[in-house]
Amino acid sequence: MMERVYNFSAGPSILPLPVLEKVQKELVNYNGTGMSIMEMSHRSSYFQSIIDEAGSLLRELMNIPDEYEVLFLQGGASLQFSMIPLNLMNTYKKAGYVLTGSWSKKALQEAEKVGEVQVIASSENEKFTTIPKLDGLLGDEKLDYVHITTNNTIEGTKYVDIPHVDKVPLVADMSPNILSERYDVSKFGLIYAGAQKNLGPAGLTIAIIKRDLIGGADRYCPTMLNYETYSKNNSLYNTLPSFSIYVTKLVLEWLKEQGGVSAIEEQNKMKSSLLYNFLDESKLLTSPVDPAYRSLMNIPFTTPSEELNNEFLQKAKERGLVTLKGHRSVGGMRASIYNAMPVQGVQQLVNYMKEFELENR
């Protein structure tokens, strides 16, 4: 059997090894039930306890106030691009979007199908290598909400400070960096995230939504795209991705054992610093991102040529450092170092980068 590799994929991504080992142990016979979670009714008392525990752990780890609901959904963040305007564009039929990368553009394109969209700020002219300044841009606009993407997976940028939005709900796609650093949930009207980066396996989407934003969908909104459907039914309106929720619960337990979000944030800063410190000194490998807005989770870098990039990737794979190829729209390489990536994985990558540079001076 092949030894486990260090998987730097942007998603689906690395999961904590203790979680995988527990899944392996419980896979065939969960908790003495004589069946697997994958076989179990989503309306059984066993699964009810799993989803309740997952919700409680998320509330505890993110310090989610009581006036917010935690919803377990499907369809990924991409379906949220449609659900959000269908539910929230209900007063002015207009929303504000900040463009900071490919995913925020896709969110905007879906919102344009529902109502009017105003681009409040954009870093597209800078090829999304930075985060635009928002001071004074979010004042008295008549908007139903403002949408941001807190971390840009493809481009490798993140917000250092969350923009202050007065009286307008702030909606955030946190798919890549939820639970990786501390956020004040009360600053947001809605937070959403696909699970397959920092929460668990693909198939699950989490929405954390202020209760007063639920129930405003147009009567033509499809039932399955209405937040109220899930709120009224404890997320159990139809069959959920039960296995993904179970694994996510185990990941949340693991995160709590690590010391919670504040502890993992410090570890994430240390891991990213290992990479950025090397890139800042390197004469061969460079980072295209504005240093003021560098992501802790997704770190793109490149060599001067496509030939060297391919050589780097091939030799990395031979060393058990895999899925480092950058997104096709950016090129080069990208190391995604989510919560579950151990420090030694990043250190091994940096050691290899140093050797590669020495070989190609």
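Every residue gets a Cβ built from N, Cα and C, even glycine.
Record features, source Swiss-Prot:
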{"type": "BINDING", "residues": "Arg43", "note": "L-glutamate binding site"}
{"type": "BINDING", "residues": "Ala77, Ser78, Trp103, Thr153, Asp173, Gln196, Asn238, Thr239", "note": "pyridoxal 5'-phosphate binding site"}
{"type": "MOD_RES", "residues": "Lys197", "note": "N6-(pyridoxal phosphate)lysine"}
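In the three-state DSSP scheme, Asn238 (pyridoxal 5'-phosphate binding site) is classed as coil. Whole-number maximum of the Cα to Cα distances across the pyridoxal 5'-phosphate-binding residues Ala77, Ser78, Trp103, Thr153, Asp173, Gln196, Asn238, Thr239: 31 angstrom.
Around Asp173 (pyridoxal 5'-phosphate binding site), the C-beta neighbours below 8 angstroms that are at least 6 residues distant in the chain are Ala77, Gln80, Trp103, Ser104, Ala107, His147, Ile148, Thr149, Thr150, Tyr192, Ala193. Secondary structure at Lys197 (N6-(pyridoxal phosphate)lysine), taken from DSSP and collapsed to helix, strand or coil, is coil.
Put simply, Thr153 is the one of the binding-site residues Ser78, Thr153, Thr239 whose Cα lies nearest to the Cα of the residue listed as 'N6-(pyridoxal phosphate)lysine'. Taking only the Cα positions, the spacing between the residue listed as 'L-glutamate binding site' and Thr239 (pyridoxal 5'-phosphate binding site) is 9 angstrom. Least crowded of the binding-site residues (Ala77, Gln196, Thr239), judged by neighbouring Cβ atoms within 10 Å of its own Cβ: Thr239.
Sequence-distant neighbours of Thr153 (pyridoxal 5'-phosphate binding site) (same chain, 6+ apart, CB under 8 A from its CB) are Ala10, Gly11, Gly101, Trp103, Ser175, Pro176, Lys197, Met297, Asn298, His327, Ser336. A simple way to gauge crowding: the CB of the residue listed as 'N6-(pyridoxal phosphate)lysine' has 30 other CB atoms within 10 angstroms, across all the protein chains here. Every protein chain shown contributes to the tally, and the Cβ of Arg43 (L-glutamate binding site) ends up with 9 other Cβ atoms within 10 Å.
The Cβ of Ser78 (pyridoxal 5'-phosphate binding site) has Lys106, Gly194 as same-chain neighbours under 8 Å, each 6 or more residues away in sequence.
In this structure, Asp173 (pyridoxal 5'-phosphate binding site) is part of a beta strand by DSSP. With a cut-off of 8 Å between CB atoms and residues at least 6 apart in sequence, the same chain places Met224 near Asn238 (pyridoxal 5'-phosphate binding site), listed in sequence order.
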